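Asks: Sharing a structure, written as structure tokens. Questions coming.
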Amino acid sequence: MDDALSAEAEMVHARPGRLREFWFYFRENRGAVIGLVIFVIFAILAVFGPWIAPHSATQQYRADTLVPPFWLEGGSYKYILGTDPLGRDMLSRLIVGARFSFFVGIVVVTVAASGGILIGLIAGFAPRWLDAIIMRIMDIILAFPSLLLALVLVAILGPSLVNAMIAIAIVLQPHYVRLTRASVLSERQKDYVTSARVAGAGLMRLMFVTVLPNCLAPIIVQAALSFSTAILDAAALGFLGMGAQPPTPEWGTMLAEAREFILRAWWVVTFPGLAILVTVLAINLMGDGLRDALDPKLKRS
Amino acid sequence: MLKYTLSRLLTFIPTFIGVTLISFSFIRALPGDPIVVMAGERGLSDERYAELATQYGFDQPIYMQFWDYLTGVLQGDLGTSFVTKRPVWDEFFTLFPATLELSICAMIFAIALGLPAGIIAAVNRGKFLDRALMSTALVGYSMPIFWWALLLIIVFSGNLGWTPVSGRIDLLYYFPNATGFMLIDSVASGQSGAFTSAVRHLLLPTIVLGTIPLAVIARQTRSAMLEVLGEDYIRTARAKGMSPGRINGVHALRNAMIPVITVIGLSVGTLLAGAILTETIFSWPGIGKWMVDSIFRRDYPVVQGGLLLIAVMVMIVNLTVDMLYGVINPKIRKR
């Protein structure tokens, strides 16, 4: 009995864990929670897509081309969102297509963020001349409009989804470098870093253990935002014929294939774009929530 | 201020050389021999190949090629297009007014709607109007604009038949482009209906290209306004009994404009990236479509020169924004 009481008392007094505190603030933002729910659905579709989809994504039902969605005349429950010009089920292609966008987001953010954080840390700790060189190189990359640079990079590497991801990662990377460097520079002057250095921490320890964890908040927000940018850019490249190639059911590529049918069959154009919009919107909602929850200035005390 | 200007100008030079180097080396990295591509399907003899290689300087060592290119660029020589055989420089400036006209209209559209939306949202913070405006802005911000363009075409060109699908003006009208700006030229031509036609062609591309800047400006204006409205001097103004219109319109807005101007300046890069998609969809004869076509046609000198010119343009705009920033906000200069 006593034990139970004291345990309870301890629970009340203990400072909530970081994750818990984060969730407390995140949950306040209704939009962010909706975004999270949609994102989880999106992730589930990305992983289990082919098992959830009612039809195969590439199976062509030649007898049923351009069947409208079920609520229109001529539509049927067999193809809930209709079929495309080759008789493939729209809904199945959209569901299976989720994994390409998800994959693009994960890979691009991982590559761009890890590269950018590393270079940003180096720039922040390096002597001034090296810092200047690194930042000039980033300025050069940022001088090109991102989509144009990605387009030319893909033209060099050859059009495919993997090359599109590499190109987008290269284009997004300077943002992480700038962000990391800026927070490193402001953190480096603080007393706790000096005391760690006096205590004999090596450069590596200072960089990765002492300073980096305190720079992560803005980087996490940036990661959420570039997840959606990556999806948009990959879809744009697919739309221009420089991303995933047909018959891959990538959403941007599907739009490109459907373009000539826009005035005859609105559904082949509408649904892939809607899928992109909803996904990107959900991630941006989450990003806003993350920013509010992680930025101490905005927290209500 | 002079010192600030000079130091900003100095960083421009290495960036410019770097941008030239990148656009130069990209083309060398593209698969395929440019001379073979230029010859097309006819093919060419070994002597002719050697002759062309000398003519274009491909027989020189790579650093000499770069030096020739860099000195050429500084003298305004960006090479000639493989396809049209016209100087890249001329092509660029023939097409540029079309992109500029579209971008200016898109920016006016974005500012004209974005600023008031942001101000209204900030003044009504937390109320229904604020939520509705900001949700709309977030949707606009997340919009895949190539899809947005197709949707607008379905509704306004397909179902309603209000707007044309492509081009800058109906083929019915023909007049010299004196300025390159269709809106001005069509009025100058004096042909009845030409101006209306130009406006109708411009409408959808403007909306498509302006959507993301509009959302960004609205969001930025709102947060800048909210920050300023929390300042002490605003409370003082309120305590003095100043009218809310004057407080919001004069005291707050002027200071809130600083971050907003930065965002508007930084949107130029976004605008050019958006122009690539918008111009491709609406067959708008501008720089974006020209670049995409050239990439597909493997017209190397054009891709190389276009990349460089676009990057330099973005750099100049960013530099100007930095300068303006220094003028508006004295704190920045002193650093």
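The first residue you see is number 1, and the count goes up from there.
Here the Cβ of each residue, glycine as well, is placed from N, Cα and C on the backbone.
In TrEMBL, annotation is done automatically, which means it is predicted and not curated.
Not my notes, these are from TrEMBL:
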type     : residues  : note
TRANSMEM : B:9-30    : transmembrane segment
TRANSMEM : B:95-120  : transmembrane segment
DOMAIN   : B:96-325  : domain 'ABC transmembrane type-1'
TRANSMEM : B:132-156 : transmembrane segment
TRANSMEM : B:198-218 : transmembrane segment
TRANSMEM : B:256-282 : transmembrane segment
TRANSMEM : B:302-328 : transmembrane segment
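Have a look at these and tell me how they're positioned relative to everything else.
Replies: Listed by sequence, the residues of this chain that lie at least six past the ends of the transmembrane segment (B:9-30) yet keep a Cβ under 8 A from its Cβ atoms are 62, 65-66, 69-70, 73, 298, 300-301, 303-305, 307-308, 311-312, 315, 319.
Remote same-chain residues near the transmembrane segment (B:132-156) are listed as 117, 120-121, 162-163, 165, 203-205, 207-209, 211-212, 214-216, 218-219, 222, 274, 277-278, 281-282 (criterion: CB distance under 8 Å, separation of at least six residues from the stretch ends).
Long-range contacts of the transmembrane segment (B:256-282) within the same chain, counting only residues at least 6 positions beyond its ends with a Cβ under 8 Å from a Cβ of the stretch, are 99, 102-103, 106-107, 110-111, 115, 118, 145-146, 149-150, 153, 165-167, 204-205, 208-209, 212-213, 216-217, 220-221, 224-225, 227-228, 288-289, 291-292, 310, 313-314, 317-318, 320-321, 324-325, 328-329.
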